[in-house]
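Asks: Sending over a structure as structure tokens; questions will come in a sec.
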């Protein structure tokens, strides 16, 4: 466990000119103390590295024997001329036809078994992100004013939310259900929840089906994830009913799994496609903001009100080999980390009622530390799968050195030398980090040593759309496409984390140069970004 002092950072805040008192007319300042992510790359646990090397160990026999066989075959063939090779083949075929046929039979059989047993490639045909109408657009000032008029919050709660918004990294064009805070009545009802869910899900799906031009009855797998709102019939049933999908569709509804559930939904869809050939899968990721809007005074439960905004993504996956040419991306890796066995991690984001009986999400002050531990585990597992061999070798050597030779030159003095930090920029061209908050993005950038350009999609998504929960990583990918930055062969890392506590990663490889899309939530504003903060 990191020392408490190591998890704190200080910031000098300008409070403006003092209006009254003995210091009237003078500038005033205060020191703000924040909790931050632990420096997790300095405390990597060796057991998590073994998970990442699992693939390499399982295939070590192939990696060791294939080069040897190739060298032996090359040496044997290289000693013969072309005429001698053809004469030898002809003589073998002429005098020992049974041997030749047996060889080819074994070869064809082995090749067939290999291709039939290997996992099918999963392609991402296209995706869409819902953009609400301007009627739902609310600036930070309007947010506070509407909250005040609703009569649901006292002045202390309003002031706290105002301070959070000012430092959140969220802009003035995000979307929320106005009815939630513009009315004194309880609008967090099943009726309002279904209305919001229908608007965002059907909006994203309509655009997806229009883009891909597939029939809704062609979809064989449907996965929907929404953490808070889980009605009966389910959200997946709402979609099936609305689009009149086929009766044998494999539908799944994931609830209560937080902001990283979008990655889990992709993983589930992948597993379903692996066992159901020649199929399409649709993954819908959303969060119904209004249904869990908190109306009380507990400050740890007011934080989600300030960050979460309306949003939804819809993704079309395929395992059909003929979709290779029209697919945008191919799924390379999925790495999932779950820290739920630890009680602090389990309760760091917890839905409950406050003393007044108002329900909401309670965010623990230890969230940054817990999130850092989950991130450490996840990226350590992912590293051996994606990093170049040189980076893996340097990282592994540095890790073993610190593990077994952690003492200094004498007297048991700890080794304070900074460990080698893998350069993930050599593994990925693009980064889509869950747009949780400005503070979290800052700490991730510092720990992973990423550039401003690497973090641009995440920061701009947070500014323009806020924290849209599990769909935020798709708004970020849409940003990169709208900028025309995704080229053929590029690798994209989508990193998301959420309650449980979970941290999950997706790795995609671009199949082609993705030109500026005809439909995107960024089209009318992409030229204004990136902003300089």
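FYI, residue positions are counted from 1 along the chain as it appears here.
Quick reminder: no glycine exception, Cβ is built from N, Cα and C everywhere.
Just so you know, TrEMBL annotations never went through curation; they're auto-generated.
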Asks: Quick check on the annotations: TrEMBL lists transmembrane segment for one of 9-30, 31-52, 53-74. Which range is it?
Replies: 53-74
Asks: Work through the active-site residues one by one (430, 434) and point out the residue whose CB has the fewest other CB atoms within 10 angstroms.
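Replies: If we count Cβ atoms within 10 Å for the active-site residues 430, 434, the smallest count is at 430.
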Asks: Provide the three-state DSSP residue tally for the domain 'Beta-ketoacyl-[acyl-carrier-protein] synthase III C-terminal' (429-509): helix first, then strand, then coil.
Replies: 39 helix, 21 strand, 21 coil
Asks: At a 10 A cut-off on CB-CB distances, which of the active-site residues 338, 463 has the highest count?
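Replies: The most densely surrounded of these active-site residues is 463.
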Asks: Which active-site residues from the set 259, 338, 430, 434 come within 10 angstroms of residue 467 (active site), judged by C-alpha positions?
Replies: 259, 434
Asks: Anything within 10 Å of residue 259 (active site)? Look among the active-site residues 338, 430, 434, 463, comparing CA atoms, and list what you find.
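Replies: Checking Cα-Cα distances against residue 259 (active site), the active-site residues within 10 Å turn out to be 434.
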